[in-house]
Amino acid sequence: MVLLTLPSLLLPVLLFFLLQTPTLSIKKSFIVYLGAHSHGPDPSSVDLDSVRKFHYDFLGSFLRSNKSAKDVIFYSYTRHINGFAAILEEEEAADIAEHPNVISVFLNKGSKLETTRSWNFLGLERNGLIPSYSIWMKARLGEDTIIANIDTGVWPESKSFSDEGLGPVPSKWRGICQHDTKRVRCNRKLIGTRYFNNGLAMYAGPLNSSFSTARDYDGHGSHTLATAAGNFVPGVSVFGNGNGTAKGGSPRARVAAYKVCWAPYEGVQCFDADVLAAFDAAISDGVDIISVSLGGGAQEFFKNSISIGAFHAVKHGIVVVSAAGNSGPNPGTVLNLSPWLLTVGAGTIDREFTSYVSLGNKKHLKGVSLSAKGLPSEKFYPLVSAAEAKHANASTAEAIICQGGTLDPRKVKGKILVCLQEYNDNARTEKSWQADMAGAVGMILVNDEQSGNDVVADPHVLLVSHVNYTDGKYIFDYIKSTKTPMAYLTRVKTEFGSKPAPFVATFSSRGPNLLEQGILKPDIIAPGVSIIAAYTEAAGPTSQISDTRRVPFNVQTGSSMACPHASGIAGLLRTLHPDWSPAAIKSAIMTTGTQHLVFFIDQLKMKCTSAILALLNFPYTCSYNRG
């Protein structure tokens, strides 16, 4: 009886001690946004110190200690954006959000990263020559406009960032070339570099000195920055394809790289706190255009780092251009929804890097690729579906997409392997690595139905042809209906005049704007498929760890590539019309957009209008000769 009553006697005592024991709340990194500063556009060091003290005092009033506030704040946004980033408990963040002077409090989340021919396609040049009526001539190639890129940094040794032919750095520039452990040096072209990683460190833990650099180890940032404003570089190609002169939209503009994106950590590369810090610095540095090829998500306007940063930039007369995202064709997938952003989707151009598939039944199908290798002329090889070449312990669903470790080399060696490309699967070059390791002589990458006609030219390690859904279905049917299916793949060659062009790439994110349906997004499309531009020499062209090849220029595809095309055009307009507001520049680009670019006017016999040429307001007639 005593044993039965003892627990009930102890319950009040145990409950008392449990109530007195503090619970351990999980702390997370938050951004507290307070709006604008009361100081002017050129704050003194006293102003900046005053802002920091205010942030410590403000947060200290919630934490009951200014010292605690100093310990947890890892960014104090002091120049143009008013706010701070700090490590807080969720309850503390909720309390702060209730304060009447606080606009928003949101988690420091992560986001992902979302050419030689494209400017000819847009009408700025004609067959390598710049006509007298081109906006390049009128805007002096974007001379002395300053274009900032918030991305993965820069490969400063690239010829695209050479300062040949440029004069002194514009006096309006107030930025720096931040001290760097990897020797990133600036010049009269690349006039500034900064890096931001405190937001990353809040998730990944303390970072070593290798993170103290704006050097680009990914390639994305160098590619986008060169697309916007790279200098003229003749004789550029990727494995002998697309030969021509590489240049950005504003070739004589100055550029500044703000590194906020790093090697992926738990699937994300760029953290909000770092992005916001980069915006605050870029505004203060005196840039004219900010190009942001990052996914901004669909959060409320003032709970989104790109939206907040762009809002303050536009207030200071800076045009901000962003990527629409790569989650199409599903509706409501567009990112970067704020009305003050120019949000750019991805379209095609009239150039393709083709590799044709010849089947044993004499059927010829067009695919695309950037493979450096070729097969002996006209020699046909056995053709096998990856589903039929799987290891005994692999599933058909895994093998058909050529997942790592699913292929049996005994069934693949010496053959052309057919792999399925599923919708939104970006591991295209990984599939060709698997095929190569299994002993295939070549690979055909076949789209599934949802991927449709979206084919991408990638720098595969063996000869690959990427074909659309319809042609891929034909290939699978041929394999099933033929006792000894055979195939041959042609070497890659560059073809021009592809039709229709431009059209919106299947992967490019679509509207409607789920946050505010009264605001149409995306705003416009620009070239974003198979774009050639500068690259890092710290990674291979496929970004696979095992890819030891190095290329100074590479082909990439995505709305990330479309965004800097519009940034380059915005740079030209800023040079041509320095008094125009960001809204005027955005309006000029949007209201002159047309699906009929100059390259096809005489072919299609349509009304003589063109997005870029109309932008110039020059006399254009239908008698114009393409040359």
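Keep in mind that glycine also has a Cβ here, set from the backbone N, Cα and C atoms.
Residues annotated as signal peptide in TrEMBL: 1-25.
Across the residues of the domain 'Inhibitor I9' (29-110), the predicted structure has a mean pLDDT of 96. Taken from TrEMBL, the feature domain 'Inhibitor I9' covers 29-110.
The domain 'Peptidase S8/S53' annotation in TrEMBL covers 142-593.
The active site, charge relay system annotation in TrEMBL covers Asp151 (among others). Using a 10 Å Cβ-Cβ cutoff, Asp151 (active site, charge relay system) registers 30 neighbours.
With a 10 A radius on its CB, His220 (active site, charge relay system) counts 25 other CB atoms from all the protein chains. The annotation active site, charge relay system is assigned in TrEMBL to His220 (among others).
Positions annotated as domain 'PA' by TrEMBL: 381-474. Residue counts of the domain 'PA' (381-474) by helix, strand and coil are 29 helix, 24 strand, 41 coil (DSSP-based).
The annotation active site, charge relay system is assigned in TrEMBL to Ser560 (among others). Over all protein chains present, the Cβ of Ser560 (active site, charge relay system) has 31 other Cβ atoms lying within 10 Å.
As a summary of secondary structure, the domain 'Inhibitor I9' (29-110) carries 34 helix, 25 strand, 23 coil according to DSSP.
For the pair Ser560 (active site, charge relay system) and Asp151 (active site, charge relay system), the Cα-Cα distance reads 10 Å.
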